Every structure is written in structure tokens, then in C-alpha cells.
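Enquirer: Have a look at this one.
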Amino acid sequence: MSTAALVEGKIVQCIGAVIDVEFPRESMPKIYDALILEGSELTLEVQQQLGDGVVRTICLGASDGLRRGVVVKNTGNPISVPVGKPTLGRIMDVLGRPIDEAGPIESENKRSIHQKAPAFDELSPSTELLETGIKVIDLICPFAKGGKVGLFGGAGVGKTVNMMELINNIAKEHGGYSVFAGVGERTREGNDFYHEMKDSNVLDKVALVYGQMNEPPGNRLRVALTGLTMAEHFRDEGLDVLFFVDNIYRFTLAGTEVSALLGRMPSAVGYQPTLAEEMGKLQERITSTKKGSITSVQAVYVPADDLTDPSPATTFGHLDATVVLSRDIASLGIYPAVDPLDSTSRQIDPNVIGEEHYSITRRVQQTLQRYKELRDIIAILGMDELSPEDKLSVARARKIQRFLSQPFHVAEVFTGSPGKYVPLKETIRGFKMIVDGECDHLPEQAFYMVGTIDEAFEKAKKIQ
């Protein structure tokens with residue numbers, strides 16, 4: 001604590017989550033200083049200096065019962081949270097306080113949630129692939145170790161289930177540490193995730209930070225930074241860490257709420273004028289350095305399925321791979337509902353993934369694109385009017401479409417079918433056989449919800 005720790009101020013105005021505090025003019029708190037209420041655990045974070053000793057703060061917690069004249073103390077430092085191994089296996093809130101009723105977190109290390117992004121010469125780009133065991137992702141939009149991935153989708157198309165499956169497949173195989181930041185999502189999902197980790201015996205390798213949708217906007221805005229600070233610490237210790245965020249859109253939305261409360265003019269669609277800067281500050285810190293790596297998977301809600309909305313559009317530019325979930329594909333009953341024509345990855349390069357993988361990916365996309373173009377003709381004139389080549393393309397595309405589906409481990413409870421982990425070699429072999437015409441004699445139902453291509457052959461025997 002600095003010498004300013006003794007400085008006291010008084011609340012002069014309360015408007016929802018925004019609190020104005022008056023300090024002596026010669027000792028005003030700095031921007032991002034943490035203020036604490038006397039006799040309470042409530043923390044305020046300084047956002048603006050209004051002049052005449054008055055600062056405007058955002059409340060990290062419920063502001064019920066606050067009134068003018070209440071004494072506030074300046075800690076003289078930004079919000080700091082515990083980092084390191086003591087955080088593993090624990091659930092924490094935005095201030096790093098435990099909320100799992102398992103006693104205090106005995107961490108000697110504390111770190112400010114506001115850190116500078118690593119300098120350009122410290123960064124370390126990676127081309128090593130990270131196998132996920134999910135066919136459509138490994139084939140169409142492969143992940144890089146130490147890269148950033150976004151799961152884009154509207155309401156109810158399966159972002160959280162996809163993320164849970166990725167955590168299930170990567171975190172368990174990975175063996176390193178993971179940090180999960182629940183930003184403005186359902187408390188039920190946070191609870192389910194905790195028990196999922198506990199049941200699979202990987203809880204001692206995961207730090208969980210929650211600021212759920214029932215919490216004030218200040219908590220939801222800062223909880224992503226809290227989780228990121230913990231992940232950065234592991235990275236700076238020379239470790240490879242996984243960082244999961246569900247959901248980045250809620251971070252933006254909390255920023256919008258705070259911005260409006262602070263009296264800033266809204267910009268496009270009512271978002272905060274500082275949207276790009278806030279997103280950039282967060283995303284530039286999620287990066288891999290020469291010391292260690294952060295591999296990040298972020299769910300991004302797409303309002304009204306509009307990918308051009310400022311929030312998802314701002315996120316796109318920061319990512320190495322984008323997995324776009326489509327309502328049209330979900331309506332066909334194909335899960336994961338990943339759109340193979342909309343999803344992209346910087347790893348799709350023959351020099352990175354190899355010539356065979358690259359050519360199979362492109363042939364699969366060409367076949368699906370041809371089917372998309374022919375759909376209108378089929379709807380009006382029927383299949384009989386197509387040329388033999390086009391009929392073959394359509395048949396193969398429908399098989400590819402169904403083969404891109406896969407039963408998930410985390411959805412076993414709902415589907416009743418056991419989850420499948422498909423190695424990358426098997427994925428490439430399966431799709432190669434389909435585009436090469438080796439499966440033309442099989443019915444398309446045989447490809448639905450199977451793992452490897454061998455399972456499709458077995459299923460075909462049962463059907464026939």
C-alpha cells in the first residue's frame with residue numbers, strides 16, 4: 001500500500017452502479033485506483049476525475065444501501081488479485097475472493113488486473129497445430145498452439161456446449177493449467193462446468209473466475225481481466241496455459257452499460273465509443289511470448305445472428321481462427337453446427353498443415369459450395385434436372401455434411417450416444433475417401449453422428 005492509503009473521501013452522489021466520491025483536492029486518486037468502503041468489502045474503481053477533488057467510480061458489487069456521506073478510503077493501487085498455484089481448483093469472483101466456501105486462498109503473489117500488453121519483440125508466433133478431436137474444427141479451421149480462437153454463434157446454436165467439449169478434449173489431454181473466465185453467463189452453466197471438471201479429476205489444474213449475468217456491470221466488465229491476469233502469470237512462469245472465456249460479448253455489453261452510466265455519448269448501435277480500444281486492450285494481452293504461451297478459446301454471442309454487428313465484428317480482427325456456428329445447420333439437426341464455408345483459420349496453408357490436409361479441406365469446401373449453388377435449382381426443378389456430375393456432387397456434399405456431425409462427450413446425457421474423439425489422421429482419411437468417391441455406394445444416413453469413417457461403414461451394414 002502506498003502513502004495515499006490513508007486518504008479518505010466521502011460519497012457525494014450515487015446513480016446505480018456509478019458512485020461519485022469527493023477527496024481533498026491535493027490527494028485525488030489516480031484512474032483505476034481501488035477505493036474501499038469503510039466497514040464493508042465493497043470496492044469501487046476510479047474511472048474519471050471530474051475536478052474539484054471529485055472522482056467518478058464504478059461499483060464492483062451491489063450498491064444497495066449506499067448513501068451520501070459514507071466514508072471511502074483510497075488504497076492507492078489498482079485492483080490486485082491472487083495468482084499462481086493456490087488459485088487452481090478454486091472458484092473466485094472479480095476481486096479474486098473465493099466463492100466456493102473452501103477457505104481463503106493462501107497466495108503470496110498478487111498482481112494488478114491492469115497490465116501492459118507484451119512488447120512486439122517479446123511475442124512468439126506459433127504454427128504448431130492443436131488437435132481438438134472434433135472433425136469439423138480439425139479439418140476446416142484448425143487451431144494453433146498459443147493461438148486465439150473465437151466461437152461465434154447466435155442464441156441457442158451451441159457455443160457453450162462446443163466450448164465444454166473443447167475443454168473436455170484439450171484440457172484433459174493437455175495436462176497443463178487452464179483458466180476459465182465466466183463473463184456474464186448463466187450461473188447454472190458455471191455450476192455445471194465446476195462439477196464436470198470435478199468429476200473428470202482435472203479441477204486441480206483449473207482456476208475458475210466468475211462474474212455471472214446477475215452481477216453488476218462493473219463485475220462483468222472486469223472479470224475477464226481478472227481471469228486473464230491469472231493466465232498471464234502462468235505464462236510468465238514459462239508454462240503453456242489454456243484460457244477460456246464465455247462470453248466475450250457480455251464483456252462488451254458490460255462496457256456499454258458502464259459507458260452509458262459514465263455519461264459518454266453512444267456510438268453505432270448504442271455501443272460505447274471506446275469499443276475498439278477496450279477490446280484491443282483485452283485481446284492484445286491474450287498472447288504468447290518467448291517465455292510461455294496462452295492458447296485462448298472465446299465464445300462470442302452474435303446478436304440477432306448478425307455477424308456485422310459492431311461487437312462480433314470488432315472481435316474478428318484479433319483472432320487466428322473463427323468457428324462460426326450456423327442456425328441453418330443446427331436446424332438440420334447437424335451438431336456441432338459449424339458452418340464449414342464461413343469458418344476460417346490462418347493455419348489453412350499447405351506450408352503449415354501439409355499438402356494433403358490442405359487439398360482435402362479445399363475439396364470438401366468446393367463440394368459444399370457447389371451444393372449450396374445448386375440448392376435453388378433443386379428446390380424449383382428437382383434433382384432430375386441436374387447433370388450426372390452435379391448429382392454426384394450433391395450426393396457427396398450431403399454425405400460430407402452429415403459426416404461433419406459428431407457425438408460429444410459432454411452431450412452424452414442428452415443424446416444417449418457415447419462421445420467420440422477423432423484423431424486428425426482419421427479425419428483426413430475419412431473425408432479423402434468421401435471426396436475420392438470411395439463411399440458413393442453408402443447411404444447418407446450412415447454418416448450421421450459417427451466418429452471415424454470405419455464407423456460409417458459399420459452403420460451402413462446395419463441399415464442395409
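Cβ atoms here come from the backbone N, Cα and C positions, even for glycine.
Pulled these from Swiss-Prot:
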type: BINDING; residues: GLY153, GLY154, ALA155, GLY156, VAL157, GLY158, LYS159, THR160; note: ATP binding site
Enquirer: Within 10 angstroms of the C-beta of GLY153 (ATP binding site), what count of other C-beta atoms is obtained when all protein chains are considered?
Expert: 28
Enquirer: If you count other Cβ atoms within 10 Å of each one's Cβ, which of the binding-site residues GLY154, GLY156, GLY158 has the most?
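Expert: When each Cβ's neighbours within 10 Å are tallied, GLY158 tops the list.
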Enquirer: Around the ATP site (GLY153, GLY154, ALA155, GLY156, VAL157, GLY158, LYS159, THR160), what further same-chain residues have their C-beta within 8 angstroms of the site's C-beta centre?
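Expert: Other same-chain residues with Cβ inside the cutoff are TYR301, LEU325, ALA330.
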Enquirer: Which site among ALA155, VAL157 has the most other CB atoms no more than 10 Å from its CB, taking these as binding-site residues?
Expert: VAL157
Enquirer: Look at each of the binding-site residues, LYS159, THR160, and point out the one with the fewest other Cβ atoms around it within 10 Å.
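Expert: Relative to the other binding-site residues in LYS159, THR160, THR160 has the fewest Cβ atoms within 10 Å.
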